[in-house]
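As structure tokens, the structure follows; a few thoughts come after it.
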Amino acid sequence: MASIARSTLLRLPKAALVTLPIATSRVAVGVFAARHFSHSPARYTSAREQPSPSAASKDGAADTTAADRAAKAAKTPDMILKKAMTYVPEHGWTVQSITKAAEDLGYPSIIHGMFPNGGADLIDYFLRDCLKRLPEELEGRMEGLKTHEKVRIGVLTRLGMVAPHIQRWPEALAIMGQPANVPMSLDHLAKIADEIWYLAGDRSADMNWYSKRAMLMGIYSSTEVYMTTDKTQNFQATQAFLDRRFEDAATVGKATNDLMQIAEFGAKSVMGILSSKGFRL
Amino acid sequence: MSAARFTLHRLAARNSQSFVRSTQVPTPARSAVACFSTATKTLHQQSNNATARPSTSTNDPETHFGFKNVPEHMKEAMVRQVFANVATKYDIMNDVMSGGIHRLWKDHFIRTLAPTPGTKLLDVAGGTGDIAMRFLDYCKDTHGDNSAQVTVFDINPNMLEVGKERFSKTQYHSTSQVSFMEGNAENLEHIPDNTMDAYTIAFGIRNCTHVDRVLKEAHRVLKPGGRFMCLEFSKVENPVISKAYDIFSFDVIPAMGQMVANDRDSYQYLVESIRKFPPQKEFATMIKQAGFTVMGQGYEDLTFGVAAIHSGWKL
């Protein structure tokens with residue numbers, strides 16, 4: 001299934017790539033990409049240093065209070081999932097990645113039952129983690145930029161977090177698309193759009209709030225799908241694709257306005273004709 | 001054994017008015033209900049019973065045995081007697097009473113546990129081997145694994161005999177994959193600390209005198225990261241279904257017990273003990289108090305809450 005999706009997608013936007021102009025200069029894009037797509041899975045390897053629970057309990061079983069134990073227990077599920085991320089390149093978004101991680105941390109593999117949705121729970125953890133990291137990553141990057149530039153950087157930074165797992169991301173998208181997981185996926189997509197708009201300084205409190213987020217959800221999800229098939233250096237094709245989507249959004253907005261003007265003009269004309277025929281309006 | 005039987009009957013006789021259908025001339029108010037169903041009456045009596053009954057002994061704490069109160073030290077023998085009575089007919093009666101649904105519950109229970117290769121399971125109150133068999137079959141069918149082990153633990157030798165008999169006809173017979181152990185769930189003294197990957201108890205925990213002690217022992221024998229899982233009858237919240245369920249429980253099940261197993265009182269106890277067991281949320285709280293970590297609300301309702309699966313992890 002994934003391969004079919006991949007092949008159709010490959011055919012779609014590549015041809016258009018060369019002809020369309022890109023809003024930002026190529027050089028700036030290159031520098032930016034080098035900075036943002038360079039996340040390595042290394043951040044997850046820190047979990048290796050954490051002591052196994054069995055070792056810890058031997059050392060300090062007596063001095064742990066019930067509150068400490070409860071606090072540690074509350075952190076355990078995320079600790080296992082964090083560790084499981086290191087197995088994603090090898091085993092994908094699967095229960096197997098989770099059981100491997102649990103065993104590394106000294107737990108019996110039966111503990112995987114904590115995550116009844118298996119791979120979907122692992123994806124959920126990854127998306128939660130990305131959302132938490134996004135403001136940190138964007139700290140001080142948006143100052144002095146125009147709103148649309150801020151949004152663009154936000155989207156690129158967020159896509160950059162997927163880059164280390166891009167080989168396994170089509171699988172993740174397939175899992176997220178399963179009916180049972182759709183609510184989770186949409187929730188995360190909405191949060192991504194909201195977070196980016198918020199960080200870009202959007203404080204609107206009208207219908208715009210919804211339309212802006214809906215527009216960005218569409219742009220983000222389509223670009224992410226495109227990215228899974230992108231083999232170019234630093235995902236340059238993805239960035240070009242993103243810029244085209246922004247242009248489309250602007251064009252659609254303009255077209256809508258034009259259409260409204262035409263409709264208004266038409267309505268006024270009709271009224272004018274009617275009144276000239278003696279109708280009182 | 002005969003002493004225990006005598007005790008049961010003596011107590012049954014003493015409390016017969018409160019929990020066995022009365023043959024005396026009913027008052028007009030009661031007969032109006034009784035002509036339709038005795039379920040409401042039986043439930044109504046339960047609430048009166050709890051407060052009005054004088055304790056049989058002043059210094060011995062009491063516990064419930066169905067809707068009756070009995071001294072704590074007697075409950076174990078009485079429960080033992082109930083299961084000694086029903087052991088040979090236990091599985092057929094489960095099918096008759098639940099219309100086969102208990103099989104679906106147990107299948108779902110094992111799928112939820114989703115054992116991995118090499119899992120060591122302690123199946124408490126697992127006498128007839130229903131859970132143990134499903135566990136080993138799951139490991140074989142899903143993982144092609146024959147290193148998983150299960151210890152079937154039960155207080156009742158009659159029930160264990162039924163289980164041994166059943167396993168003797170399978171490929172697991174006289175392998176290290178299955179073993180049987182007799183004992184009380186409140187005291188797993190022959191099982192060392194931190195040795196089990198999973199602990200299951202299906203339709204057993206409500207018959208134990210001290211549920212908190214059972215949970216403490218489960219916590220002790222599990223490895224860190226091990227899973228406690230309990231399948232037990234629970235509370236139906238939906239009022240319409242609850243009403244139908246009460247009628248079925250108090251009118252149909254004891255009658256079927258009479259017909260199929262020729263033992264009305266044991267099945268009367270079984271349905272009463274279901275009503276005395278704490279509802280889902282309360283039991284989840286008890287599991288947390290025993291030191292387990294639960295995910296979310298900690299349980300899953302099956303068939304409108306007729307049964308529920310509770311889960312906890314030792315962390």
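Just so it is clear, glycine is given a Cβ too, placed from its N, Cα and C backbone atoms.
Where the annotation comes from TrEMBL, it is an automatic prediction and has not been curated.
Per TrEMBL, the candidate among B:Asp107, B:Asp145, B:Asp154, B:Asp212 that belongs to the S-adenosyl-L-methionine site alongside B:Thr128, B:Asn184, B:Ala185 is B:Asp154. Cβ neighbours of B:Asp154 (S-adenosyl-L-methionine binding site) (same chain, under 8 Å, six or more residues apart in sequence): B:Val124, B:Ala125, B:Gly126, B:Gly127, B:Leu160, B:Gly163, B:Phe180, B:Met181, B:Glu182.
According to its DSSP assignment, B:Ala185 (S-adenosyl-L-methionine binding site) is coil. Taking all protein chains in view, 25 other C-beta atoms sit within 10 angstroms of the C-beta of B:Ala185 (S-adenosyl-L-methionine binding site).
When the binding-site residues B:Thr128, B:Asn184 are compared by the number of other CB atoms within 10 angstroms of each CB, B:Asn184 has the fewest.
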